[in-house]
Amino acid sequence: MDKFLIKMPIKHKNNETPEQKPIVKKETPKAAAKQSNKNTPIQAKEKENAQNDTPKQGRAGRSAKPAAKRKNLDTLEVNTEKNTAESENPPKRRSGRLTRSTRSMAEEGTPSPEKVKPEKLPFIKYRGAIKYFTENQDIAASADDVMQWVDKQTDVDVVPMAFDMEWPFSFQTGPGKSSVIQICVDEKCCYVYQLTNLKKLPAALVALINHPKVRLHGVNIKADFRKLQRDFPEVSADALIEKCVDLGVWCNEICETGGRWSLERLANFIAKKAMDKSKKVRMSKWHVIPLDENQLMYAAIDVYIGQVIYRDLEQREKQKLINELQFKEQNGEAAFKAVKGLGETFLSKINEITL
């Protein structure tokens, strides 16, 4: 009977009403935390209300685990601060969507090399002749000489000619009138014609760029022709566009790359050379006579490297056609289409395969 008398208060301890608060003895922090977990829901709620009413309560007061509903209210401010910090410094996540680069790989097979960070390459050095003319009669005589040289190339049907233009630019007034035309038909000689003193282009120069045997090429060359036609109406942009070659587009066709190219990136990718594209020279006063040495070298290098790139792409195209033909003869049309579908460019010879 004594045993039951001793254990009865312990049995009723959990069934106490809020008014029957037991005398709390000093306990260790660990025991106190354990005891707080054994409180009834009503006691826990009253304890939370008491904690919320205490103005000087710190972070320690929120260390105990409250009821689920009350927890959302108590931690609202903390979550708000956390969300604000995350919005200012969002964590890096892996997106399930296709990025631009992965999309190009999925849809086009090979990402554009122009977007790949180029390695350190040697700068282009041009050691050929630069023939510079500023007057109408001198430009006409020079263009006529080039045209006669083209006519003498009887062993070829097409004579490639690198073509580029320069003009001044102002952030206040925009682009100025076409000031310089530079051409290159031989890697050993470049021609620079300054148009500042010309009201019309010489007939010999117009005849040269429209010569049926001449194939003008460059990067974004169609825009240059439209600009030239606006400044000199005697030039027909449509006629020039029909027979010109955009080196960037041609590179994509042969090398099966994608994207838009600049001359500098094409030089990196095809010729393995770097170009010194000085902004000071590029944005200089191209209409002022005479051009200085830096301007002349800048203009000459643009068409010189264009001619080098054209010759390189020309050789790649020929080799590609040979490799494709040999592969078809050895493996058949079905194998060729299968390998082509896997992304093979045939820029280099591949051995016989078994499917």
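Cβ coordinates come from backbone N, Cα and C, glycine included.
Note that this is a predicted model, so its numbers are computed, not measured.
Site annotation (Swiss-Prot, ligand Mg(2+) 1) includes ASP164, GLU166; from ASP292, ASP302, the additional listed residue is ASP302.
Taking the centre of the Cβ atoms of ASP164, GLU166, ASP302 as the Mg(2+) 1 site, the nearby residues of that chain (Cβ within 8 Å, site residues left out) are MET165, VAL180, GLN182, TYR298, ALA299, VAL303.
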